[in-house]
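Notes follow the structure.
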Amino acid sequence: MTNNNNNNNTTDKQQGRSGRWERLISNSNSGSGDSSSSSSSSSSRSSSSNETLVWPSNASLYLGAVFPIHATVPSPNAGLDVCTHIQGPEGIQPLEMMLYTLDEINGRTDLLPGVTLGALVLDSCDHPSMALNHSLRFIKGYLSGQHQHHEPEFKCKDGSSPTFLGGQYDRVVGVIGGQKSSVSTQMASVLRVIQLPQISYLSTSASLSNDDRYPYFLRTVPSDTAQAQAILSIMREMGWKYASVVYSEGEYGEDGYRELSRKAPQYGVCLASPGLALAPQHSDYFYEKVVDELIKVDASVVVVFAVRTVAMKLLHTVQKRNLHSRFVWLGSDGWSYTDPMNLENVTEGALALLPLAKKVPGFDEYFTKLTPQTNTRNLWFQEYWTWRQNTPTTVKSEYQQQLWLHFVRDAVYAYAWALHSIWKEECGGQEGVCEGMVHGGIIDGHLHGQHLFTHLINLSFKDGNNETFRFGEDRSGPPRYTIFNYQRNDNNSFTWRQVGTYNNAASGEARKDKLTLAKDELQWKSQQSFPVSSCTDQCLPGQAKIPIRDSCCWRCENCQANQFVNNTSHLCQKCNDECMISSPDKMSCVFKQEKYIDYRNSWAITSLAFASLGIFSTVLVGVIFWVNLDTPVIKASSRELSYILLGGVAFSFSMSFIIVAPPAPLTCGLTRFFMGFSYTLCYAAILTKINRIARIFNRNPDSKSKSHKTKYTSPQSQVVIVLVLVSVEVVVNVCWLVLYPPKTKYLCDRHPNHRILICEGLEDYSYIVGFVYPLILVALCTLYAIKTRKCPGGFNEARYIAFTNYTTCLIWLIFVPLYMSTGSSDDIRIATLALSLSLGGFVQLGCLFFPKVYVVLFKPEKNTRDAVMNTNRNSTYILDDTFPNPLSGGPFGKTVPPTTHSTPAMYYVNAGCEKPWPRQKESPPPPHQNNNNHQNGQDIVDHFYNSTIHPPMNTTTDSR
């Protein structure tokens with residue numbers, strides 16, 4: 001290392017300010033041996049791109065730098081990318097900013113006293129491969145230093161230690177650059193090997209924040225993560241919900257698109273899929289296809305996250321298609337705030353970002369005074385000056401300070417303050433480089449990169465605008481951006497006008513975004529308002545978003561009653577339970593409103609009114625029977641069986657109150673038990689009654705048996721028979737209730753907004769179980785009614801019983817299909833069941849009791865024993881005076897005068913009460929024969945009549 005004491009360092013600073021510097025010209029392919037310096041650059045661009053600027057030659061420490069001094073274009077002859085024209089704004093300006101800042105630092109006494117910082121600058125030609133080749137020089141210099149100051153492994157022929165290009169590379173403590181993210185990526189991959197810190201001033205790729213892959217990389221510019229958030233914040237502020245994305249191939253564009261896609265949902269923005277990737281080398285036809293895709297997507301806003309060459313070529317293609325007003329361009333920092341070069345009409349209205357655009361005070365005055373004669377330290381300035389002089393005015397642009405140059409200044413100052421922190425820590429106030437700062441001695445020692453990097457990530461200093469600068473957690477600069485709008489001026493010229501700022505206090509946290517946008521100062525296409533860019537409808541609360549085209553585009557659709565809007569997918573989702581419907585806001589499911597038939601229902605009121613009338617009628621009939629209990633008509637009707645029958649009828653009417661009651665296990669159980677029980681009680685009594693008539697009148701009067709009285713015809717016997725018949729139904733119902741306990745259930749598919757509460761089994765065939773046994777009794781009653789249809793009128797109820805059975809069957813033939821019909825509402829079904837039971841009760845009252853009540857109340861002359869024990873025939877008989885009246889007091893009866901009327905004819909049962917007493921015309925039968933026949937018929941009638949009396953009369957009738 002060149003000998004530098006404290007005094008010499010101060011002198012070097014003065015010499016640097018007066019113009020002492022040296023240009024070291026070397027070839028990138030030179031080996032590890034010595035190289036000589038030169039004072040002039042090569043005239044060819046290829047050779048000048050391989051030159052190295054070293055200033056000053058005797059600096060204490062050097063900062064390496066890689067700038068895109070020249071541009072690169074594909075060579076059709078060589079098939080490779082070659083360096084071409086010089087780049088003023090992108091190459092010369094950042095180089096001069098570095099030299100200008102070093103002049104400022106070396107002139108300060110409060111920063112690195114006694115230490116001169118120098119620059120070792122390489123040209124990347126704005127290409128990753130060239131930058132990679134130049135980065136290898138830093139490795140060669142590092143190996144040379146390792147050999148010289150640690151473990152010597154090589155020796156020259158003369159015995160001296162080998163050095164690389166004069167030893168300046170060994171004194172490089174850190175590197176500034178590159179500009180593009182693709183260049184910085186290549187450099188960082190190499191520099192990590194020798195632990196050399198690298199600070200980029202314009203590389204924004206988010207992948208460079210990966211400290212595992214690039215552990216010694218820092219940048220003064222914010223990363224694309226913050227830039228993506230800034231772009232999305234602008235879209236949200238402008239109300240743009242949908243946009244296409246065009247990005248350039250490479251680290252910068254691909255990482256930017258990835259961050260946009262990842263963050264877009266957080267801002268309510270939809271990006272057309274997929275993004276469209278472009279590269280500078282793509283053909284015009286390829287760019288045409290991309291424009292066609294942009295038109296097809298039908299998004300007004302296009303985010304262009306690309307380098308400048310790609311953006312300009314895309315705008316040129318759009319201009320050729322005459323689509324000046326078709327798109328609103330939202331640009332990244334890769335191409336914004338640059339002259340669109342005859343593309344002003346298509347670029348007008350564009351919004352673009354720059355990382356905190358601001359000018360460095362004093363630099364304009366410094367740069368505009370530079371000439372080839374005064375700026376001999378910049379070996380590329382002569383070429384730049386020649387290019388400016390030879391370029392037509394219509395092509396070249398007048399000097400304008402790049403608004404990102406302050407990031408170069410911040411990078412230089414970051415190294416300076418980090419070195420100053422080490423100096424304060426190790427040197428204890430001693431001017432110049434001390435032994436604690438370097439390894440291997442003050443003269444020949446070198447600084448370890450890891451030591452410097454530790455101080456870099458912890459530093460904090462005031463920048464040119466007196467704002468605090470520090471590296472963030474992602475080792476990037478503060479996420480601050482300036483927003484520009486490309487506007488037409490009054491004189492029809494165009495300019496980028498600042499219209500807002502963006503600041504994120506904590507990079508990566510969208511909730512801390514701070515966007516300031518002067519909307520009243522925005523312009524788009526001659527004062528027109530900005531177009532709307534959306535592929536979605538504004539859905540009302542509770543409407544689903546049905547995807548169309550891209551996954552984030554949708555149309556609105558109402559959900560059905562049993563669906564709700566899923567908060568995650570925003571689609572209609574069916575409720576898990578069919579008894580649930582969507583809530584009023586359609587965001588969840590709630591149970592349907594419970595509904596059941598109760599006493600307030602119109603059908604229930606009708607059923608109960610009908611049943612109440614039936615109960616009143618039943619009670620009235622019972623009272624009439626009780627008052628006239630000892631009259632012949634009531635006696636002949638079997639009083640005990642009649643009261644049992646009235647009880648069954650009363651049960652039938654009372655069931656309506658249970659059936660229409662609010663469903664509960666108790667009411668459901670009572671319904672199932674008494675519904676069939678009431679019918680069983682009625683028809684058990686009817687069957688017993690008509691069976692007794694059949695047994696009495698079907699007995700053969702000519703039988704020789706002494707015990708010819710019919711058994712089990714007493715009231716007590718009849719009641720026991722009824723109880724036996726009813727017990728069968730009781731056993732069936734009890735078993736039914738035990739095996740299938742009563743409970744309620746909901747019917748949820750009958751009504752869209754209600755769930756119907758019913759007794760379980762009411763909706764299917766199971767309730768028919770209770771009616772099977774009563775139907776058997778009805779069938780037997782009908783059979784016996786046919787057999788006893790010709791018995792004496794006072795005892796013959798066959799016609800009424802038959803009519804009762806027929807009507808009951810008709811009612812149930814109508815009821816069962818109606819009850820089982822799935823189209824009927826449950827209110828109608830329950831009311832139908834109640835009305836059917838009530839109708840059955842009215843039929844039994846009307847057919848079996850009302851005729852007797854009518855006789856008792858309105859025909860008392862027929863309420864006699866004679867009328868009850870006679871029958872009126874429809875046919876007409878001529879009775880002579882010899883026809884005996886069996887009810888007369890004589891041995892052969894009383895002689896009836898001959899007349900024409902309905903003949904009283906007493907039937908005895910011989911094959912079913914079908915043989916009338918014989919009528920005599922010529923002469924009376926022998927006394928002994930007539931007396932026997934009349935006496936037998938009289939005994940049958942008396943037996944039946946007496947068996948209905950309780951307590952039994954003093955007769956010889958068997959009362960068992």
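Placed from the backbone N, Cα and C atoms, the Cβ positions cover glycine too.
Keep in mind it's a predicted model, so treat the numbers as computed, not measured.
Sequence annotations record features per position, and here TrEMBL assigns compositional bias 'Low complexity' to 1-11 (among others).
According to TrEMBL, the feature compositional bias 'Low complexity' maps to 26-50 (among others).
Among the features that TrEMBL reports, domain 'G-protein coupled receptors family 3 profile' is placed at 603-872.
According to TrEMBL, the feature region 'Disordered' maps to 1-51 (among others).
The region 'Disordered' annotation in TrEMBL covers 916-939 (among others).
The transmembrane segment annotation in TrEMBL covers 603-629 (among others). Within its own chain, the transmembrane segment (603-629) is flanked in space by residues 597, 639, 642-643, 646, 649-650, 652-657, 659-660, 827-828, 830-831, 834-835, 838, 841-842, 845, 849-850, 853, 856-857, 863, which lie at least six positions past its ends and keep a Cβ under 8 Å from the stretch.
Look at TrEMBL and you will find 641-661 (among others) tagged as transmembrane segment. Only residues 6 or more beyond the boundaries of the transmembrane segment (641-661), in the same chain, are considered here, and those with a CB under 8 A from a CB of the stretch are 597-599, 601, 603-604, 607-608, 610-612, 614-615, 618-619, 621-622, 625, 634, 667, 670-671, 674-675, 677-686, 688-689, 718-719, 722, 830-831, 833-835, 837-838, 840-841, 844-845, 848-849.
Look at TrEMBL and you will find 673-690 (among others) tagged as transmembrane segment. Residues 638, 641-642, 644-645, 647-649, 651-652, 654-655, 658-659, 718, 721-722, 725-726, 728-730, 732-734, 737, 767, 769-774, 777-778, 780-781, 784-785, 788, 797-798, 801, 804, 833, 837, 840, 844, 848 of the same chain, all 6+ positions outside the transmembrane segment (673-690), place their C-beta atoms under 8 angstroms from a C-beta of that stretch.
Residues 640-641, 644, 669, 672-673, 676-677, 680-681, 684-685, 687-688, 691, 712, 769-770, 772-774, 777 of the same chain, all 6+ positions outside the transmembrane segment (719-739), place their C-beta atoms under 8 angstroms from a C-beta of that stretch. Per TrEMBL, transmembrane segment is recorded for 719-739 (among others).
The annotation transmembrane segment is assigned in TrEMBL to 765-786 (among others).
Annotation source TrEMBL lists transmembrane segment at 798-820 (among others).
When Cβ-Cβ distances below 8 Å are used as the criterion, the transmembrane segment (832-855) is approached by residues 604, 606-608, 610-611, 614, 617-618, 621, 624-625, 633-634, 637, 642, 645-646, 648-650, 652-653, 655-656, 659-660, 675, 678-679, 682, 686, 767, 797, 800-801, 803-804, 807-808, 811-812, 815, 818-819, 824, 862-863 of the same chain, each at least six residues removed from its ends. Annotation comment: TrEMBL describes 832-855 (among others) as transmembrane segment.
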Open item on the list: Cβ under 8 Å, sequence separation of at least 6 from the ends of the transmembrane segment (765-786): give me the contacting residues as numbers and ranges.
Closed with: 672-673, 675-677, 679-680, 683-684, 686-687, 690-691, 693-694, 725, 728-729, 732-733, 736, 740, 797-799, 801-802, 804-806, 808-809, 812, 816, 820, 833
TODO: Kindly state the mean pLDDT of the domain 'G-protein coupled receptors family 3 profile' (603-872) in the predicted structure.
DONE: 80
